[in-house]
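Asks: First the structure, which I've put down as C-alpha cells, then a few questions once you've had a look.
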C-alpha cells in the first residue's frame with residue numbers, strides 16, 4: 001500500500017483537517033517535477049552521471065577533491081538549499097523556510113512548496129500543543145479523582161472494621177501525583193504506632209512525595225456524583241433539592257461503582273493518549289516522506305535540514321504524552337487490575353476486531369438458503385395454485401400478520417448493514433458516535449449474518465406452515481406447524497436475553513440497555529444512541545402491533561382453527577392505539593429531558609414534531625377502524641402537518657441540507673459522498689416516503705389485501721428510516737469533525753464543591 005493511502009487510513013476521522021495535507025503537498029511536487037523536466041538543460045547530469053561522479057569522488061578521481069580526500073564544498077553554503085527559522089510572534093513560535101536557490105528556473109514553485117510545508121508544520125504543531133495541554137489538565141483532574149478514591153476506599157474499609165472515625169486523628173498518605181503509579185491500595189495501608197495510616201511502599205528505595213490529610217479532610221473537598229448514589233440520573237432533577245446537602249454513602253456498592261467509573265475514565269484517557277502519540281508519529285513520518293520525494297525530484301539535500309527542524313519542534317520533540325502513558329499504565333495496573341500487568345494492558349489496549357472467515361461463510365450460506373427458500377415458496381404457491389383457494393383470505397387475516405413481524409426485522413437489519421458498509425466506506429466514525437466499546441462494534445457482515453439467519457428460519461416456518469385447508473381427520477390445522485412462528489419469536493427473545501458470551505453478547509446487551517433507557521425516558525440523561533434507537537422504534541410501529549397480535553392470536557384466539565376476535569375486541573383496539581403511540585411518546589419525553597438539561601429551544605420544537613405525529617397517527621388509526629368523514633378530515637389535517645414538519649426537520653436539522661448560501665448550493669459545505677445527485681435523490685425519496693400515509697386516507701382501491709398494503713407501507717417507512725440513518729450520522733460526524741471531537745466524555749465519580757455545574 002502506498003504511504004498516502006496508509007496515512008489516510010490511519011487518521012483519526014474527526015481530526016482529518018489537523019493532519020498534514022499530504023495529497024496537496026504531493027500535487028506541489030508534481031508541478032515542481034514538471035517544471036524541472038521543462039527547464040532541464042542538455043548538460044544537466046542524469047542519475048547515471050551523478051552516480052559516476054559520486055564514484056569518482058570516493059575513488060580519488062574527482063578533480064574537485066584535494067589531496068587529503070576532503071571536498072572543497074563540504075561546508076559550502078551552496079549545498080544548502082533551504083534555511084529554516086523559528087519566528088516568535090504573539091507568544092508562539094512559527095517556522096518559516098527561506099529558499100536559497102531563488103535564481104534557478106522554476107524557483108517560485110519550490111518557494112510555494114516550502115510556504116505550504118511551513119503552514120502544515122505550524123498547523124500540526126499548534127494542534128498537537130493544544131491537545132497535549134488538554135490531556136495534561138485532564139491528568140491533573142484524574143489525579144484528584146484518585147486522591148478521593150483512595151480516601152473513600154480507606155474509609156469504607158475502616159467502617160467495615162467497625163472503627164469510630166468521627167473524632168479520630170488518623171492520617172492517610174495521599175500521593176501528590178496519583179498518575180505516577182506510586183500510590184498503594186488500602187490493603188497496603190497499616191496503622192502505625194502513633195495512630196497514623198501510612199501507605200507502605202513495595203520498594204523501600206522508592207521515594208514518594210506525599211501529603212498528610214485526614215480522611216474527612218480529603219472527602220470534605222469533594223462530593224459524590226448524584227448518578228452514583230441514585231438508580232436513575234434523573235434523581236438529581238426530580239428528587240434532590242440541594243446536592244450540597246447530600247451525604248456520601250460509604251458502602252461497598254458505591255465503592256465498586258466509583259472504581260468502575262474511574263476505571264472507564266482511565267481507559268478512555270489512555271485511548272486519547274494513544275491517538276495523540278499516533279498523531280505525532282504519523283505527521284512526522286509524513287514530513288519525512290514528502291521531503292524525501294522532494295530531494296528525489298530536485299536532486300537536493302534539503303530533507304536533512306528540514307527534518308532537523310521537525311525533530312526539534314514540539315510535535316517531534318515533546319515527550320509529555322509518552323510519560324503520561326507510562327504513568328497511566330502504572331496506576332491502572334496497580335489499582336484496577338490487582339498489579340496484573342497482562343490483564344491491565346489488555347484492558348487499556350483492547351485488540352482490534354478481526355474479520356472471521358466463519359462469519360463470511362455463515363453469511364453466504366444463510367443468504368443462499370434465503371434465496372433458495374424464496375424460490376421454493378414461489379414455486380409451491382404456483383404449483384399448488386394457493387392464490388385461488390378459499391383459505392387464502394383466512395390465511396392473510398390470521399397468519400400474514402404473524403410472519404410479517406420477521407419481515408420487518410430482517411428488512412431493518414439489512415438497511416442497518418448497508419448503512420454500516422457505507423459509513424465505513426466514507427469513514428464515518430459510527431462506533432464513536434454510538435459509544436461502542438473499542439473492538440465490540442458489529443460490522444456489516446455480522447449484521448447480515450444475523451439477518452439472513454433469521455430470514456432462513458422464518459422462511460422455513462412459512463414453507464412448513466403453508467396450508468390453506470384444515471386436516472379432514474382432525475378438523476383443524478396442525479398444532480406443530482401453527483406454533484412455529486411463536487416458537488421462532490420466543491427463540492429470538494431467548495437469544496437476545498441470553499447471558500452467555502455467544503452471538504455478540506456485548507452488542508445484545510448494549511441494545512437491551514439502550515432500549516431500557518428509551519423506555520424509562522425521561523429518567524435518564526439522553527445520549528445519542530438513546531434517541532437514535534427511539535427513532536428506529538418509531539419506524540417499527542407495525543412490528544410492535546404484530547407483537548400485540550401474537551399475544552391476542554395465541555392467547556385469546558383458537559390458533560388451531562386460525563380464528564380470533566382480535567380486531568373486534570375493544571381491549572385489542574385500545575392497545576392498537578397505545579402500542580403505536582409508545583415509541584413517539586418515548587421520543588417526546590426524551591426531547592423534554594434534553595430541553596431541561598441543555599436549555600436548547602430546538603429540543604422543544606423537536607418535541608412538537610413528535611406530538612403532531614402522535615396526533616396524526618391516532619387520527620389515522622381511528623379512521624382505519626371507523627371509516628367516518630369526520631375522522632377523515634381530522635386525519636388529513638394532522639397527517640399533512642406532521643409530514644410537512646417532519647420532512648423539513650429531516651432535511652434541514654437532521655441532515656443539515658437545504659442551505660442556500662453553501663458552496664454546494666442547497667446542500668452542506670462539507671459532503672462525504674462525492675456525488676451531489678445522491679443527496680438530491682435522497683431528499684426527494686424522503687419526501688415521497690414521508691407521504692406514504694396518503695393511501696390510508698385516500699381509500700385507494702388497489703388489488704391488494706389490506707394486510708399486504710399495511711406491510712408494504714410499513715416496509716417503505718423502514719426503508720425511509722434506513723436512508724435517514726446514513727445522512728443523520730454523516731451530519732453528526734461532520735459536526736464532530738468541525739469541533740475535532742474524537743473522544744466520548746466519561747462522567748467522573750467525584751466533583752469539587754466549586755464545580756457543581758459539572759454534575760451530569
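Heads up, residue numbers simply count up from 1 along the chain you see.
The backbone N, Cα and C atoms fix where each Cβ goes, glycine too.
All annotation found in TrEMBL is predicted automatically rather than curated by experts.
Predicted, not measured: the structure shown is a model, and the values here were computed from it.
In case it's useful when we look at the structure, here is the feature table from TrEMBL:
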DOMAIN    1-308  domain 'SPX'
DOMAIN    567-760  domain 'EXS'
TRANSMEM  361-382  transmembrane segment
TRANSMEM  402-423  transmembrane segment
TRANSMEM  444-463  transmembrane segment
TRANSMEM  483-504  transmembrane segment
TRANSMEM  635-657  transmembrane segment
TRANSMEM  678-696  transmembrane segment
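Describe each of these features in terms of where it is and what it packs against.
Replies: Residues 445, 448-449, 452-453, 455-456, 459-460, 462-463, 466 of the same chain, all 6+ positions outside the transmembrane segment (361-382), place their C-beta atoms under 8 angstroms from a C-beta of that stretch.
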Asks: Considering only the recorded stretches 402-423, 444-463, 635-657, 678-696, state which has the highest number of Cβ pairs under 8 Å to the transmembrane segment (483-504).
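Replies: Out of the listed stretches, 444-463 contacts the transmembrane segment (483-504) most.
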Asks: For the transmembrane segment (635-657), give me same-chain residues lying six or more residues beyond its boundaries with a C-beta closer than 8 angstroms to one of its C-beta atoms, as numbers and ranges.
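Replies: Sequence-distant neighbours of the transmembrane segment (635-657): 602, 606, 608-609, 612-613, 615-616, 619-620, 622-623, 666-668, 679, 683, 686-687, 690-691, 693, 696-697, 724, 727-728, 730-731, 734.
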Asks: Any residues 6+ beyond the ends of the transmembrane segment (678-696) with a Cβ under 8 Å from its own?
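Replies: Beyond its ends, the transmembrane segment (678-696) has Cβ neighbours at 616, 620, 623-624, 635, 639, 643, 646-647, 650-651, 655, 657-658, 666-667, 671, 702, 709, 713, 716-717, 719-720, 723-724, 727.
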Asks: Excluding the flanking five residues on each side, which residues at least 6 beyond the ends of the transmembrane segment (402-423) place their CB within less than 8 Å of a CB in that stretch?
Replies: 430, 442-445, 447-448, 450-451, 454-455, 458, 461-462, 485, 488-489, 492, 536, 539-540, 542-543, 546-547, 549-550, 553, 707, 711, 714-715, 718-719, 721-722, 725-726, 729
